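Take a look at the structure set out below.
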């Protein structure tokens with residue numbers, strides 16, 4: 001604190017500093033002698049520290065900045081002094097017959113509201129900030145780097161292509177026809193689309209032109225028709241053979257279901273063999289009784305002894321043995337190299353067989369491609385696996401021979417149109433197969449007897 005006060009005093013005592021208050025120099029020069037206390041203790045710092053001269057100096061600096069917009073010592077002479085050349089001649093006002101009014105003065109309330117500080121307002125940092133400034137700067141740096149390498153951005157390339165096309169006259173923009181021109185083409189108000197008179201590039205950039213729909217989205221998920229015609233045997237008055245054919249198909253469906261149920265029953269069947277006392281005892285004593293087996297004997301009549309312990313270590317090879325093994329390896333490699341050369345020469349005489357093998361391989365490849373394509377075409381008419389459930393064919397609506405109606409009046413309706421349409425959507429891969437949601441109560445039902453019921457009892 002003493003160093004700061006000394007610094008401010010030195011600044012105030014310099015000849016270049018002009019205080020705005022007249023008592024600032026006197027307060028500095030007529031400072032009272034401070035009491036000598038021990039400044040080593042923290043409690044005496046604020047109690048015996050006199051900073052009034054520093055505060056007076058800072059107040060004077062702030063007052064100068066507020067009144068004049070800066071320090072007086074830093075102001076030029078033209079802003080502080082002026083040359084007095086005498087009174088200026090007042091402009092002669094024309095004499096009028098009207099009464100000379102007083103000069104209008106601003107109201108007191110307006111004077112109070114006017115700013116009296118010459119300090120400029122703080123700079124609004126948010127007004128100079130741009131969104132994504134860092135990203136735009138990075139993109140500009142990248143564009144400048146690519147431009148230095150000779151690589152133009154996509155927009156510049158498209159612009160150059162359009163300019164070149166316009167200069168060559170490939171696509172010349174036609175002048176729009178006036179509405180009052182009787183020779184203009186007929187415009188159909190109820191047509192499906194609207195004529196595009198604007199530039200295609202402009203429509204693409206302004207997002208007014210529709211994006212071209214991919215061809216794969218126009219393909220139907222299934223080649224099956226929306227409404228399938230029932231077989232001839234399903235008519236109200238069918239032919240005998242057509243009706244029998246439909247009955248055979250329904251019979252085959254029921255046989256398949258029965259086979260699936262029998263297979264599931266066999267898989268889930270429990271072994272009916274019941275354990276007896278003899279089988280239980282045999283299982284318990286299994287492994288406890290040692291069975292004597294005839295062991296092979298040697299020529300001396302003794303059985304083969306099992307060698308227990310570590311095997312004998314391999315003896316170290318001599319120098320002669322190692323050289324012999326090395327020579328054999330070299331000979332083996334030479335034989336392999338010679339054999340490869342001979343095989344390559346033999347392949348020259350096998351060109352016909354190789355050509356035949358390649359031809360057979362190409363035929364097999366074409367056959368597999370045809371089979372794969374046929375399989376893909378067949379899968380288009382079959383329901384795909386779209387969810388966790390598999391599509392199940394609905395039951396055939398069929399009547400037995402004794403159930404056929406003799407006339408339309410006695411015919412009874414069967415099936416449901418809603419279920420038929422729902423199954424058709426599943427079969428054509430428009431929706432996934434679903435099952436009816438099971439009803440589940442959130443809270444259990446609570447039964448209570450009413451008072452009137454209890455009184456009857």
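A Cβ is built for glycine as well, from the same backbone N, Cα and C atoms used for every other residue.
Within the set 83-107, 108-132, the record from TrEMBL flags 83-107 under the feature region 'Disordered'. Across the compositional bias 'Basic and acidic residues' (325-337), DSSP helix (H, G, I), strand (E, B) and coil residues number 13 helix, 0 strand, 0 coil. Secondary structure of the region 'Disordered' (359-392) per DSSP (helix as H, G, I; strand as E, B; remaining residues coil): 22 helix, 0 strand, 12 coil.
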